[in-house]
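J.: My questions all concern the structure below.
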Ligand SMILES: NC(=O)CC[C@H](N)C(=O)O
């Protein structure tokens, strides 16, 4: 599986994502600078965390107009797995690839801590390696993680099982319905505020994030085998 990690000016979790794929998963991975215009060579696309364009206007609002974004939209339409973590989630929202918007944390403070999450939907290409309703520990690190959408959108998200992760026991940022991560209707674009790439090795404290990447790889291997057999 060939994975692209998109890099914008101000991305700062690109190396974490790169090594989660390279060392954690043992798969081929490349950085792709935001001025590039194609992702055709890649099987999976990662949009990492950080402060793209300094979070000016709104987090992700400028990165969303980068040259690489039409290729991200094309990959999304083609059904390739696309994972946006933290600032990556914010970019996906701004690009309209996921519904809703991100507000500043309720307490108006940047929060950096390991946080328990519930796997609300383990029937996705990103979460097959988790148990349903499993509680996992994943770090968060954000100032704008207060996910918001209107009531109708929330109802649709809940009805379609598009809420993939919720905060468990304590909501750190005030997000609607304790949402920590959502997937698109097609099931191939996941945005989440917590950082699974920071939980892929015992030396980082835990490996609960690794199974997310293993799920993507398993899905890719299964669909690849189906195509070639
Ligand atoms: N770690 C990150 O991606 C930070 C996200 C973001 N720019 C924020 O603070 O809200």
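FYI, residue positions are counted from 1 along the chain as it appears here.
Note: Cβ is positioned from N, Cα and C throughout, glycine not excepted.
Unlike curated records, TrEMBL annotations are generated automatically.
Feature annotation from TrEMBL assigns active site, nucleophile to 86. Annotation comment: TrEMBL describes 195, 197 as active site.
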J.: In whole Å, how far does the CA atom of residue 195 (active site) lie from that of residue 86 (active site, nucleophile)?
T.: 7
J.: Any idea what the Cα distance is from residue 197 (active site) over to the residue listed as 'active site, nucleophile', rounded to a whole Å?
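T.: With the alpha carbons as reference points, the distance is 11 Å.
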J.: Under a criterion of Cβ-Cβ distance under 8 Å and sequence separation of at least 6, what residues of the same chain contact the residue listed as 'active site, nucleophile'?
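T.: Set apart from the residue listed as 'active site, nucleophile' by at least 6 residues yet with Cβ under 8 Å, we have 13, 48, 49, 50, 140, 141, 142, 145, 192, 193, 194, 195.
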J.: When you tally the Cβ atoms that lie within 10 Å of each candidate's Cβ, which of the active-site residues (195, 197) has the highest tally?
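T.: Compared across 195, 197, the most Cβ atoms within 10 Å surround 197.
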